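What TrEMBL lists as substrate binding site is Arg343. According to TrEMBL, the domain 'Aminotransferase class V' annotation covers 22-332. The annotation N6-(pyridoxal phosphate)lysine is assigned in TrEMBL to Lys191.
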Amino acid sequence: MKGRKLLMIPGPIEFEPEVLQALGMSTTSHVAPDFIEVFGNSLELMRKVWKSPKGQAFIVSGTGTLAMDMAAANLIEQGDRVLVISTGYFGKRFKDILDRYGANTTILEAPLGEVVPLEAIEKELKTGSFKALTITHVDTSTGILVDPKPIAKLAQKYNTLSILDGVCSVAGEEINQDEWGLDVVLTGSQKAIGVPPGLALLMASEKAMEVWKKRKTPVCNYYADWNNWLPIMTAYEERRPSYFGTPAVNLIVALETSLKIICKEGMDKRVKRHQLLAKAFRAGITALDLEILPKTKQIAANTLTAVYYPKGIDGAALLSKIASSDVIVAGGLLSEIKTSYFRIGHMGSVSSNDLLAVLGAIERALLELGQNIVSGNSLQAFQNELLRSN
Ligand SMILES: *Cc1c(COP(=O)(O)O)cnc(C)c1O
């Protein structure tokens, strides 16, 4: 018994050994030539992962929420209208952040398990000048995937900035920032990017940077202000030393390592792997007579799956049984239904072996709790789906 645990929550995830090794190196100066090279490389590699050759990349210490805060603080001024398209908990968080900066927000909330129809978005945009709209690519509370492409197109039609919360999607779901015309795509290090928690990562379009430069009022957040960070990003990219706030040296070394692993696999292949494994995993879940939260497969995320507990099963007991198999999954997050579902993360380094272990643990736990299912069915469904797709 090695006492290994499999961490299958929607962030932090299982990290590649090379990434963890990079984290453990001797800390260097943030202006050492080697580190300047690592920082500069990381900014360049981000553009490949985001598919944003023209984007302005930011790497700042903080969590994904700081990246959301940074987008709002820099792009929004008092009274600006912002349309929030929400598919769960993190949509509402974006509204809270925007409201704090004095935005005049309108929130379009999708019914549980669904997405907001494009027509409803266009109807709102038609009513007047929205400075920006926000989209949660994958809402981690519901496992719902939103297609950002047509929404970004609508945003362009109505001269509105599009801001994508990609915390649970960047480096896992398909993103093509420049081609789709997304103005901001942001994430945190601990999700599909595959680096321990602590980095806020953001890519801004040329248009977003123009809008920021033309602000009439100062940014109401000292730490998040791009006036402080843009010269730092420019300096690292030009391989010059600079300082505003001490960067998280070890985390950035780990980030470069992970971005290299991601680019070596290639984003297209990586997205395919996520799609394939997610599809097979859903087949396994369905074979256990379990129901997933998204109402259709087309809007089910490829980075995590949200699953309802079966009738008559105590959720806490199920999670504790799964944990006793050394598989860690997450409980519910959306307050209205928090105790009626659980979530499994499958992003980043995830493999078919991991998901077989998860299905095995869930299946065994259900059988132990007296659920009337056939042992092995979910594993068979998973295998068949993978074989079919190969
Ligand atoms: C995790 C997550 C966040 C928040 O990120 P933190 O790093 O926890 O601050 C925001 N949005 C989405 C979609 C997320 O999955």
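Each residue, glycine too, has its Cβ placed from N, Cα and C.
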Where the residue listed as 'N6-(pyridoxal phosphate)lysine' and Arg343 (substrate binding site) are concerned, what is their Cα separation in Å, rounded?
14
Across the domain 'Aminotransferase class V' (22-332), what does the mean pLDDT come to, as a whole number?
98
